[in-house]
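**Student:** When I checked TrEMBL for this same protein, it listed these features:
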type	residues	note
DOMAIN	1-186	domain 'CNNM transmembrane'
TRANSMEM	60-84	transmembrane segment
TRANSMEM	91-108	transmembrane segment
TRANSMEM	120-138	transmembrane segment
DOMAIN	205-265	domain 'CBS'
DOMAIN	272-329	domain 'CBS'
REGION	425-494	region 'Disordered'
COMPBIAS	438-451	compositional bias 'Basic and acidic residues'
COMPBIAS	452-466	compositional bias 'Acidic residues'
COMPBIAS	471-484	compositional bias 'Polar residues'
COMPBIAS	485-494	compositional bias 'Basic and acidic residues'
Amino acid sequence: MLSDVLPLLAAVALVPIGGLFAAIDNALMTVSPARVDDLIKDGRPGARRLREVLSDRPKYVALTVLLRIGCETAATVFAAVYAMGVLGSPWGIVVAIAAMAVVSYVIIGVGPRTLGSQHAYSIAVNSAAVLQAIGVLLTPLTRLLIMIGNAVTPGKGFRNGPFATEVELREVVDMAELTGVVAAGERRMIQSVFDLGDTSAREVMVPRGEMVWIEADKTAAQATSLAVRSGHSRLPVIGENPDDVLGVVYLKDLVERGLPPAKPSAVEVRELMREPEFIPDSKPLDKVLADMQRTRNHMALLVDEYGGIAGLVTIEDVLEEIVGEINDEYDTDEVPPIEALDDESGGYRVSSRLPIDDLAELFDVEIDEDEVETVGGLFGLVLGRVPLPGATVTLHGLQLLAEGGPNRQGRVRITSVIVHKVVEKEQEKKKKRKKKREERADEAAAAKADADAADDEESSSPDEHEDSAAPASSDQPDTTGTAERTTHLHEEAS
């Protein structure tokens, strides 16, 4: 009869409805507000309603979860009632629960969620109006459920989006590169943006020893000449020493003052300099960039923990951490951070400012030196004095050779270091020694073979001489006996 199959029909109807709410739930967790804004600009029907839903995403996600669980529970109850009526025993409940577990997993759990991820925007746009209508009726209940859930669940409450941590977002970017959604260069730039907060200004600064500065009592003409020769548009202005930075002079100001009828030779730099920007060298780069944008200042002086000038950083240095090296016509003499040598030694020419962690990663060795941060500093630490071009040290299985020359101030500095693995060089020497030994052995074997051949020729030639000399001796008279007889006759006569 119809009344007997009504519970089964109700269960069959509630299962796909529960799957629909599962798909909507997953779609709401996937869609991006920025993408929805693009749909609104394109005039997509229902996009504005979806934007309103996303403005209160926790409420509607809780609503879809409530409706899905309600459908699953009701379907299980109706299936149990039908099974009890058919089987007439408590085993009907067990059969109904087992059957509904399989059905819920396939039709509500797996299938709809996959569809919700694959067609998130279509499902979310088409269901936004229905969700708003149901939300008007069940808003008090959903608010109560959210409050209870946040109270009993540790953490910060509902995740308003598909990503809870930065690590998850990084993983999504890596997956996007593997699937071809973003290019390798785009992935590196996105990852570099996250790394800005973990990178201090000290790691990218121009160190104090490489700064180009000018004294405050110099003339504007001298400053202009220095700026043109160095290729810098901003120069720190110092007083008694480099730690006494008074300001920053801009090439634009120098050029404006140098135009006729002005006399740049009569104007001192202190009259044209601007206020300097000082920041601690430990400040993260993301905050440094934010400060530069806020103050419209493209250069800042870094102060170390002792109050001295550690170096300077420009907005170009910060941007290079995101997009890579930015070279202009004045950067032709700059040393690349890492450059493979042309020979077959497997060595590299690295910048003296290269972090020692990058050097260790390049040669797959462990370098535990907390006192220094760069290859140049490591060189000086091991050498025990200020390194000069041509100096060599060996450490951690690596051989370092310093290169460099005088800088703009005339001071001799090392700018790059040639690094080889000592093990590889020893192996090459062993191969060369082995090759020489083999060559000497071959030469000795060849010489011995020639000597043996010569001995064979000599051993055969004496027999031939004896055979040819024997007949000659038999034909000649015995002159020895004749001489003896002649001597005897002379003695008798006397």
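Every residue, even glycine, has its Cβ placed from backbone N, Cα and C.
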**Student:** How about long-range neighbours of the transmembrane segment (91-108): same chain, 6 or more residues beyond its ends, C-beta under 8 Å?
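**Tutor:** Apart from its flanks, the transmembrane segment (91-108) reaches 11, 15-16, 18-19, 22, 68, 71-72, 75-76, 79-80, 82-85.
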**Student:** When DSSP states are grouped into helix, strand and coil, how many residues of the compositional bias 'Basic and acidic residues' (438-451) land in each?
**Tutor:** 14 helix, 0 strand, 0 coil
**Student:** Per-residue pLDDT averaged over the domain 'CBS' (205-265) comes to what?
**Tutor:** 87
**Student:** For the transmembrane segment (120-138), give me same-chain residues lying six or more residues beyond its boundaries with a C-beta closer than 8 angstroms to one of its C-beta atoms, as numbers and ranges.
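**Tutor:** Counting only partners 6 or more residues beyond its ends, the transmembrane segment (120-138) has Cβ contacts under 8 Å with 23-24, 26-28, 30-31, 35-36, 39, 44-47, 49-50, 52-53, 59-60, 63-64, 66-67.
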**Student:** Please list the DSSP helix, strand and coil residue counts for the domain 'CBS' (272-329).
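**Tutor:** The domain 'CBS' (272-329) comes out at 20 helix, 16 strand, 22 coil.
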**Student:** Can you tell me how the residues of the domain 'CBS' (205-265) break down into helix, strand and coil by DSSP?
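**Tutor:** Helix, strand and coil residues of the domain 'CBS' (205-265) number 24 helix, 16 strand, 21 coil.
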